[in-house]
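Structure first, commentary second.
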Amino acid sequence: GSTTISLFCRVSASQEAYEDVQWTSDSNSHPPWLRFHLNISRWQLYLHRDPNMEPLTQQLATHRIVSAVQKSGGTQLKLVMSFPNYGQAMLKPMKQERDEETNYNLYYFSDFERHNAEIAAFHLDRILGYRRVPPVAGRLVDVVKEIKDITTDRKLARTFFTSPVGNVCFYGQCSYYCSTEHAVCGRPRHLEASLAVMLPDLSLASRRTWRSPWRRSYSRSKLAKWETEPDYCSTVKKTPPYDKGTRLVDFMDMVILDFLMGNMDRHHYETFEKFGNNTFLLHLDNGRAFGRHSKDEPSILAPLEQCCRIRRSTWLRLRLLSLPQYRLSDVMRASLFSDPLHRVAPLLSEPHLAALN
């Protein structure tokens, strides 16, 4: 329909690893990832109480992996994993222990991407009622069986080695932290990772990238315009697409999400082209969130302070989540409990959960 992304598939299994596909127009014949794609609408990625969410996250966590290749672009190591039913997921490996805080001397643009931040961001976004982060699940991946042995990516395969204590490690190729000093290692071959459902291919559902008006300078010495001009918001409010529709309050929703999870790295955001300017913002790439719990970062809230605009439903949700019986930390703890990696260790340490209140 006009408010959903539509795509039809006819696929024959060319490789033994993949299932033979017989999808019809009946959604019951579709795998969970395709159902997810077809249900994306103008205002959200998935439905409130979506019956497809359970099978979708279940497959991310347990489905057999038939291919693993490095994703090009981006600054840090990430892999595209494929499943027998042609679904794909973006894997981000564990880079930091749960209780480690980001070094205070590091700039936000040098921080690690954390797998547990990607998982926690999906849960927080859903709790806030946004539904703008693609579903993510944690998984314990066998780096030998599920990456090294099945990859067709020669550049990735060349970076595998065994550490002095017998752990299987790899580092891939990228512009930040892809070296033997920053290798990702299994214990001895099991690696924690986040797997996020891939959005529809750009050839089927093109996306537009927007530069954030409150983007940081990404410089060690320069300040951004919004940091020096107190009346900066009045300029933004006169500039399309912020001058009409819901774009400004949509942006504020994202600001609130970023403040709660301490994400300073929101330089761009994306929307689906098909829906024009009147649509939700995708909250992608949240790996640099949840780096510090001991200190809030008030500058993330600059757009909210300067514009003093908030969506009514968001304001009401935040008020609800401040009540003792619906404390955000408690709701997050309960939500994260459902992730498969919770069995290994809680996905957010208690100080991080407490910092949400």
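Every residue number used here counts from 1 along the chain in the order it is shown.
For all residues, glycine too, the Cβ spot is worked out from N, Cα and C.
Annotated features in TrEMBL:
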type     : residues                                                             : note
ACT_SITE : ASP265                                                               : active site
BINDING  : GLN76, LYS92, GLU113, ALA196, VAL197, MET198, LEU199, GLU270, ASP285 : ATP binding site
BINDING  : GLU113, ASP285                                                       : Mn(2+) binding site
DOMAIN   : 160-357                                                              : domain 'FAM20 C-terminal'
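TrEMBL feature annotations superimposed on the structure.
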residue: GLN76; record: ATP binding site; contacts (Cβ under 8 Å, 6+ apart): LYS92, PHE112, GLU113, CYS174, TYR176, TYR177, CYS178, GLY287
residue: VAL197; record: ATP binding site; contacts (Cβ under 8 Å, 6+ apart): TRP33, PHE36, LEU56, LEU60, GLY87, GLN88, ALA89, PRO134, PRO135, VAL136
residue: LEU199; record: ATP binding site; contacts (Cβ under 8 Å, 6+ apart): HIS37, ILE40, PRO134, ALA205, ARG207, LEU282
residue: ASP285; record: ATP binding site; contacts (Cβ under 8 Å, 6+ apart): ASP265
Count, for each of the recorded positions GLU113, ASP265, the other C-beta atoms lying within 10 angstroms of its own C-beta, and report the residue with the smallest count. ASP265
